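Taking it in order: structure first as structure tokens, then the write-up.
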Amino acid sequence: MPLETPVHVANELASHGYNAEPEAVTLLASASDPAGALERTLETVPDDAVVLTADHVKEVVDTRSRSGGSADRTDPEPTAADADAPPTEDPSVSTGTAANESQDGGASAAVETKGVGAGGEGGRSGDTAPSDGRTPADPDQQSIAIEGDIQSTGTGEYSDFVSVFRDRYEKLSKQLRGRVNHRPTDAIESMPGNSEAAMVGMVSDIRSTASGHWLVELEDTNGTFPCLVMKDRDIADLVNELLLDEVIAVDGTLADDGGILFVDSLYFPEIPRTYEPSTADRDVEAALISDVHVGSQEFEADAWHRFTDWLHTADADRVEYLLIAGDMVEGVGVYPNQDEELDIVDIYEQYERFSEYLKEVPGDMEIIMIPGNHDAVRLAEPQPAFDEDLRDIMTAHDARISGNPSTVTVEGVDVLMYHGVSLDEVIAELPDEKASYDEPHKPMYQLLKKRHVAPQFGGQTRLAPEEEDYLVMESVPDIFHTGHVHKLGYGKYHNVLAINSGCWQAQTDFQKSVNIDPDVAFAPIVSLDTLDLRIHDFE
Ligand code: D5M
Ligand code: FE
Ligand code: ZN
């Protein structure tokens, strides 16, 4: 059996009696020789291990020898490797509302007060419709602007790869130029040995040397130059965070013969620490969800009903926006053997059903949605918005539809919505303390720091070469909203609120085989005037 897909790897491991961490599976599947890697891992894993961990795999597979080392994090300014900023319990994020707040508290408060609401348009049909405690929103006060509905011009030819890389380099080097006195590679090549030099470049290779130092090759529009990060320097810890194809800046001193740069400082494009997010002018909230997976046998319809019932209560009066970050439906043929777990096998019928579920959302709420990897749009990112056929199916609630990623400005607050496929890769590549499934906001911090939603080309995440690199974060978002990994996590990175919403799909067989324990039926609700969060659990 070929082993290149994670599901094959997971099955193979299961047949040897192993459960595996998702990260271990991803690492094995992305190894150059997955079958060999798996065999070697099984040979070396201790006999008493029940769960195969990413560390087991890393011992055998060449993951650029990022053994992770938990060296101190003394971060040189201003590179600020603080993807370890306060996680979930950050008081400025969670406003003291316990994670299990009122799943039915709201519903039971749904006394028949001003029974107007969205009724006919958005109310649930049938006799289960909740009595509407909700005061309808005033459309004159609402505002939304959306950027991200790209028109693909890429043809997949070599020249497109050149343009997309050039554009990435241009956009990100602009952000880094202020940090260092950049010299192009050909100028550095002609500088005498021992000179001080700095450059902005795209990471084209990362290797460890025989003596344990790091050789990072940087590429600019002229060529490449080798940069050496000594293992005993504080900045060596930052090498753990590097991904191929991201753009960074370095400065340091050239070797005696001028052929290599000894790095003193390393800079990421970064979110400025002093960033002050914009907020709305009034007390209004947005619910941020993703990964609904309608059509899957594991879609949690009851939890969805509890959520939409709650939206009709007075407790949700201020919730005027619903953002859905991809994977509306389960799709078909997304993963091998997926059909065994489908409740609805026809993709259009899945969207029809999804559209029915959307009707339960109060009609005065604005809905904004982007596609994910299970949706019926091209898989390669940037993903275009749903096409006309799908829009026609989903007209019921008049939702706004855009591409993945998109920046949605809701009452002045810029929300960067991205489904999140690259999170799997960031989690697989980086040490646990910097990115893990249990704390999905941390890999989001990494993307913010790199100012790019999917830095690595040619890996797990499929990227489409376009004339421009639409995946660069040219401006700083106020809120970064992703999904995909089916885990709830949130925190602030340099004042930007990062939220990974959970999902509405219970654990699938695949997820069971790789120990993914999804966070099901949570609705993070963010106040747009304070950026405070309350989390509702509808499980
Ligand atoms: O992704 C949900 C999460 O589970 C995400 O972290 C990918 C992972 N996943 C789920 N099924 C698979 C298979 N079959 N192979 C690899 N990774 C998988 P979602 O996009 O909802 O499927
Ligand atoms: Fe999903
Ligand atoms: Zn997904």
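Using N, Cα and C of the backbone, Cβ positions are placed for all residues, glycine too.
For reference, TrEMBL has these:
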REGION    61-152  region 'Disordered'
COMPBIAS  77-86  compositional bias 'Low complexity'
COMPBIAS  92-105  compositional bias 'Polar residues'
COMPBIAS  116-125  compositional bias 'Gly residues'
COMPBIAS  140-152  compositional bias 'Polar residues'
DOMAIN    287-484  domain 'DNA polymerase alpha/delta/epsilon subunit B'
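Packing against the compositional bias 'Polar residues' (140-152) from elsewhere in the chain are residues 282, 284, 320-321, 366, 368, 370, 378, 382, 384-385, 400-412, 417, 464, 466, 470: each is 6 or more residues past its ends and has a CB under 8 Å from a CB in it. According to DSSP, the compositional bias 'Polar residues' (140-152) comprises 2 helix, 4 strand, 7 coil. On the 0 to 100 pLDDT scale, the domain 'DNA polymerase alpha/delta/epsilon subunit B' (287-484) averages 96 in this prediction.
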